[in-house]
Amino acid sequence: MFKFARRIPALATSTRKDMFGKQFRRNSQVYFTNCKPFSTKNGDKKKKLLKINQKEKEEAEISSVRAALLRKKNKLGSTNTEPASPTKDQEAASAAEQTPEGNEVEMHGLLPVHEMYTIKFNSPILPYSKFPLTQNKYIQQFFKRYSKDKDSVEKLIGVHFLGNKNLNAKDAIGIEIELDRGSSNMNVVESKSFKRFKIISYNAATNFVKAVEYTDRLYRTRNAEGEKIEMTLQQIFETQDCPDKPHFEDLINSEIADLKNTWFQFNKRMNSALMMLPSEMINTYDMVVKTLPVPNFEYHRYRKDMTLFEMFNQITCKMAHYYFSMFQALFSKDQKGLKKQMKEFLEETDPMMRSKKVTYLFDEFTHLLDQKCYYIQKTAEEFKERSKQAMLESAFQKVLENNKTNEKDKFQKMLDDTKEMPDRIRKIIQEEIKALESRSGDMDSARKIAFLKHVFRLPWDRRVEAYWDVQYSREILEKTHYGMVETKERILEFIAKNKRINSKKGMVLLLTGPPGVGKTSIANSIGDCLKRPTAVLSMSGQSDPSHIKGSKRTYVDSQPGIFIKELQRLEVRNPVLIIDEIDKIGFNNIRGDPSSTLLELLNPEQANTFSDNYLDFEFDFSECIFICTSNSTRNMLQPLLDRIEVIEVPPYLPTEKLSIAKKYLIPGFCEEYGFQEGKEEISFTNASIAKMIKDYCGYEAGVRNLRKCIDRVFRKVVAKIDERDSKIEQESQKKSKLQKHTENEEAADINQTAMLDDETEAAHYQVNSENLDKFLDLSMNDDYYYQNINKTLPVGCANGLAYIDSGYGSVLKIQFVKKFSLKKKDEDDSIEFVVSQTGRLGEVMKESLDVVQVATLNYLGEEIEGKNEFHLHVPQGAIPKDGPSAGVALFCSLTSIIRNKPLKPNLAMTGEITTLGEVVAIGGVREKLTACKNHNITQVMLPFSNKKDFEKLPDDFKEGFEIFFVKDIDEAYRVAFTDDVEGIDFQAYEKDEKVEQIFSKEEMMENNRLDPLV
């Protein structure tokens, strides 16, 4: 436990260490330090005071014993003789026996018995803790019974009986409580005496208990053997095996929370009081505050070896230090009261009582501060009225003469001009305006003015006229985005529907697709199609519902939600609001669930009654158009998805990326870097762009990496041009100096003319497949890993197809090998089939492997004999792999190692199988076939159920493929190992020669100005 030493120097300046060991200086201030009592005169005086108090307690106990003995003696002996003169002990006994009313006081040992009225709680109450009134089921019963017995009640006690049984009333510890009669109801609060009582007996009929004061500062607990013992709070925390230690930790956490709330309220009151205090007091306050250690309520900021008990003591001591120093600085005349408070605090040894005293002292300090501010303000107002009345009256007259309306009249005019405000809301705003004083500078009026400003900034009567034009929208979408045929058609369908019904309502759409495919940009284009203001709201990582619905006006720095703010900024009530990255929004936490909050806004049936916490009334969002974007719908709430129309945005094909680069990306960078046609221009060959997509973009779904690569090429070209121009300028300066000393002026003129001709000639720079590597880093693709992947594979290997969460497909190598082991003599010839695996396979893929083992054993039958041990490995073990589409590849690879027969070359496969050998459908057909195109694999095995997905693909994308649609593992075996494909659904397309033609028809520029630079 901390031992405190106090010191109140008159004018001395000293240097000590604070709680964290830092040096500080104190000048005429009270301070505490974590050390043993000083061996000074003050320490000796404190020891003497403790001895005197101990003697007084012993004398009081002796006198009470004597009084009890005399009382018993007087009861036993009663004679008719005249009583003798009373002795001093008899007088003390008689004084102890009689109360002020003349009634006899009942004693329990050496302590008087108190008769107290009981309120029971349904949860345990530790000493000096806050009792949970909101969870108390007996509170209503207590008030009904108390109204009948209140005339006979002097004291109240709050207590919890073990198991809520009256039989366990004895030895229970209770807290003295009081009834706080508020303005509207009656509240039960803890008494300011902070006394505890130990119950002797309980009468259930009268609801009274007999109790004695519990003053031993010990806490009832149990040891490791379960025996009931009494220990101090420090002993409880020093004991490692105390089973009740968590309960006392909850008690201290509750007290720390109370201290934190007290500290917050005190600082809040001080900030408002500093506006009223004189400058001398403010300067003193600032000087003292800079030297005081501030209590820290964050546990992680303390040393790791500190216990919760030590942190609690530090917080209590720092707050006491702060109080005494501030009291001495602001109320320097009341030194006697300060010394008394310090003496009481230092003599208190129980940490919980110290915490209560600190809370009480801060409450008293706030009360004194309010009184002082009141008299200061009152005096200032009287002074102003006496000395400046004439000036204020003249200024007021000038205001009236200039017809300057006050805030109240201004808001009233705004309310009258607002036509479409509902009557119920208009009534609320009218009451707020009436409550606003014309000349008020307090915080309440400032809040009301800020609230009214937010209300009238809302677009009550302002909206954009609905514009639904399908042809205009198609032109905008085609101009801004390439491809996306199905996505554009879905958007145009919604526009055509609203045009048909002349709708003034909004709509809710969700654009979902991989990163970089243009979801946010096409959402912005929808705003351009409808000719409405557009705002993008990012929800990535938002975990606080108040960001969406705002915070209550009672909070400090309260504000409306982000949607209300955007309507105020756009100044229309029917804009296009883009909610970006809605799938990355935070889920349930201690503050609430933002996803559920969005459900209220995005529900078309509830959007017209969306209530913001700051405004505290409903506002109609039903005319807004909400467009959400996400990378996937996996992490979104299902009720939210049910209310939103989902539009898929597919990944780009390689040919689409080539067209996007030529039509959008390269012209944009030319304009950004200042390249103009006819003066200085730069061009990219199709082969260079195709090589960039294939080798440097990592098979991405969108065009973000492609944009970065093109931007880097432009930066390097500009850097090389600037370096060349610097060299030419230096050479020209050298030549000009030489020409001054030469006699051949004609030759100099010829050289200068030639240089001018070179400069005026249009410079053309070409980036082609040969010089592209000099502008970019090494390729992102692993050429060795995918080398010969479309040729004959070893036995036990197969090419599976996978879908990556980033939105693109990948070729997955499946490799089975046989594990050889020596057969022991005592082993039998029973069939055993064991398969181990590596490569960070997920749970779904492991289950697929188990199903494949069963299906393979059933399919091969008697071919499997003896002990068979195989090992499966999927390369690139650092990458986790999972998904329900590897069954066919696992089957073909396992069958290959069992029969020692390789698969056909140039073949990839995907599909899941069942234990009966059926091949079921999978997802990501477009992405997986794109991976095959990237690696020149033309033969692909797909489930028959995915035939409809393949037929939706563009015809130019299907070129070069030979697709086998299999229904079971027998057809898969025939496609993979034999040439017998009779009865199997098969589709073949012409060879795709686009890529070969791009590279073969590449035209290199003869006088390429870029070659000398690189």
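Residue positions begin at 1 at the first shown residue.
Note that Cβ sites are derived from N, Cα and C of the backbone, with glycine treated the same way.
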With TrEMBL as the source, which of 73-103, 724-754 is set down as region 'Disordered'?
73-103
Count the Cβ atoms, other than its own, that fall within 10 Å of the Cβ of Lys928 (active site), considering every protein chain shown.
26
Cα of Ser885 (active site) to Cα of Lys928 (active site): how many Å, rounded?
11
Ser885 (active site) CB neighbourhood, other CB atoms within 10 A
25
